[in-house]
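Asker: Submitted below is the structure of interest, expressed as structure tokens.
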Amino acid sequence: MKAANVTVPTPSSHTVTRILARKGGTSFLINVTGMIIAFLLQVILARELGVDGYGHYSFVMTVLTFLVFPAKLGFDTTIVRYVSAYRSQQEWGAVKGLLRYSNQWSLGLSLAVVLIGFGILWANKGSMDSDLFNTFTIGLLFVPFLALATLRQSALQALNEVLFAQMPEKIIRPILLIGCLYTAVYVWSAPSKAPMAMLLFGVSLGITYALGAWVLRKKTSSHLRNQEAKFHSQAWMKTSLSLMMNAGIYLILGQMGVLMMGMLHGTDESGIFSAAVRIAALVTFAMTAINMTAAPLMSAAYAQKDMKRLQKICTTSGIASLAFAGGVFLFLLLFGKKVMAVFGAEFEVGYVPLLIMAAGQFVSALCGQTGMVMTMTGHESILTKALVVSALLNVALNAILIPSYGMEGAAVATFVAGSFWPIAMVFVVRSKLKIDTSVLQALVNRKRG
């Protein structure tokens, strides 16, 4: 990343807090609303489709998530990192070049993934349930739209347009899907099956994709219209390949249990476990929301060599994330069984796995924004090594524990592997950057200061 070409005023610590409070508050509000709507959507899907249909739908969505990540090629995080810095340096030509370069690569790779996916799917048609096959067939068509929508979301995030970055996917899309689902079932008397739900997901995806693309064009046209695109292809590709590996490992850590449950125990249990995974993730959803605002601030602070400001961003965002994580974890500890029962009586067996995974999420919140700090400061290669160890641990433990212990075994694998890398990164960040992301240590430092 090039040095700044213009002098950018360094905000005071109070200014950093205000930025995080204002824009982080917007992100938090969107994520809270999105969390409620997403939870409602999953409950509706589970009740309308039943355990079998919901298992098919959630399993295919998990596979689609795995297929989208190579199609993105890591450009989603690359865009946040570089566009944030280019914006602070007024290098709009480089912004234009990166957006064009990343979208071209992502579209080409998406189409390749779809073709390969269809080949594998048709080769295994005879051994698959017909509803599962049809759900896969429909879902594969959406890979390019999912990949490109993620890049657009990253671009808006890097431009500090938090509201417009998150609104289409987190709010509008699930509301549209709920509306389409009820219209199809209760107005058109369509069958409540997974293929129908996947088709309606595609309708909602198409609408929000078009809306998001229009918003990005409106927000960037004045800056990019008369700019000649500048390309730093080698640097972008090198960064993206490294970040793609990290993204894939994050995916393994978060979703491998669901995938292996479906492969080893069937899609019914996979569907129940998927619901538990989604609910456990609520523990750190505030961290995710705050990261949307904190990530470009971290990148800009590091580009300007302002380590004091970077520490302030980590401390402020980490404390806010932990406070919410603690409240959600306590709530799930007390009422988690009732939460699982909302999906249906058959889902109550997911309570213990839910608690195990929620505990792992709380450990991550205690460690703070370790992964984001390493990524936004150009140390993603070190992060990758820790993530690789965690991913291998996750796969190995799933393979060992799922056959004997089912969902509880998958939950333990998720807890152990998911806790290893953030704990390790606390010490690495402290050593490499002299930044303390550990929230407990930050509280001690604040008390001393």
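Just so it is clear, glycine is given a Cβ too, placed from its N, Cα and C backbone atoms.
Found this in TrEMBL, in case it helps:
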type     : residues : note
TRANSMEM : 28-45    : transmembrane segment
TRANSMEM : 57-84    : transmembrane segment
TRANSMEM : 105-123  : transmembrane segment
TRANSMEM : 135-151  : transmembrane segment
TRANSMEM : 171-190  : transmembrane segment
TRANSMEM : 196-216  : transmembrane segment
TRANSMEM : 247-266  : transmembrane segment
TRANSMEM : 272-292  : transmembrane segment
TRANSMEM : 313-334  : transmembrane segment
TRANSMEM : 354-374  : transmembrane segment
TRANSMEM : 386-405  : transmembrane segment
TRANSMEM : 411-429  : transmembrane segment
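Explain the structural surroundings of these features, please.
Answerer: For the transmembrane segment (57-84), the residues of the chain that approach it from at least six positions outside its boundaries are 1, 45, 49, 94-95, 98-99, 102, 105-106, 109-110, 113, 117, 132, 135-136, 139-140, 142-144, 146-147, 150-151, 153-155, 157-159, 194, 197-198, 236, 239-248, 251, 255, 258-259, 262, 267, 270-271, 274-275, 295-297, 299-300, 375-376, judged by C-beta separation under 8 angstroms.
With a cut-off of 8 Å between Cβ atoms, the residues of this chain six or more beyond the transmembrane segment (196-216) that come close are 45, 48-49, 53, 57, 60, 135, 138-139, 141-142, 145-146, 148-149, 152-153, 155-156, 161, 164, 168-169, 172-174, 176-177, 180-181, 184, 190.
Away from its own ends, the transmembrane segment (272-292) comes close to residues 20, 24, 27-28, 30-32, 35, 38-39, 42, 46, 51, 55, 58-59, 62, 157, 162, 165-166, 254-255, 257-258, 261, 317, 320-321, 324-325, 328-329, 332, 336, 339-340, 343, 346-347, 349-351, 353-354, 357-358, 360-362, 364-365, 369, 372, 407, 410-411, 414 of its chain (Cβ-Cβ under 8 Å, at least six residues beyond either end).
Within the same chain, residues 245-246, 249-250, 252-253, 256-257, 260-261, 264-265, 412-414, 416-418, 420-421, 424-425, 428 sit at least 6 positions outside the transmembrane segment (386-405) and bring their C-beta atoms closer than 8 Å to a C-beta of that stretch.
Taking Cβ pairs closer than 8 Å, the transmembrane segment (411-429) reaches residues 253-254, 257, 273, 276-277, 352-354, 356-357, 359-361, 363-364, 367-368, 370-371, 373-374, 379, 382-383, 386-387, 389-391, 393-394, 397-398, 401-402, 405, 435-438 in its own chain, all 6 or more past its ends.
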Asker: Go through the chain and flag residues at least 6 beyond the ends of the transmembrane segment (171-190) whose CB is under 8 A from any CB in it; none is fine as an answer.
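Answerer: Residues packing against the transmembrane segment (171-190) from afar: 30, 33-34, 37-38, 40-41, 44-45, 48, 196-197, 200-201, 203-205, 207-208, 211.
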Asker: Taking residues 6+ outside the transmembrane segment (105-123), which of them lie with a CB under 8 Å of any CB in it?
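Answerer: Contacts of the transmembrane segment (105-123) (Cβ under 8 Å, skipping residues fewer than 6 from its ends): 67-68, 70-73, 75, 133, 136-137, 140-141, 143-144, 147-148, 151.
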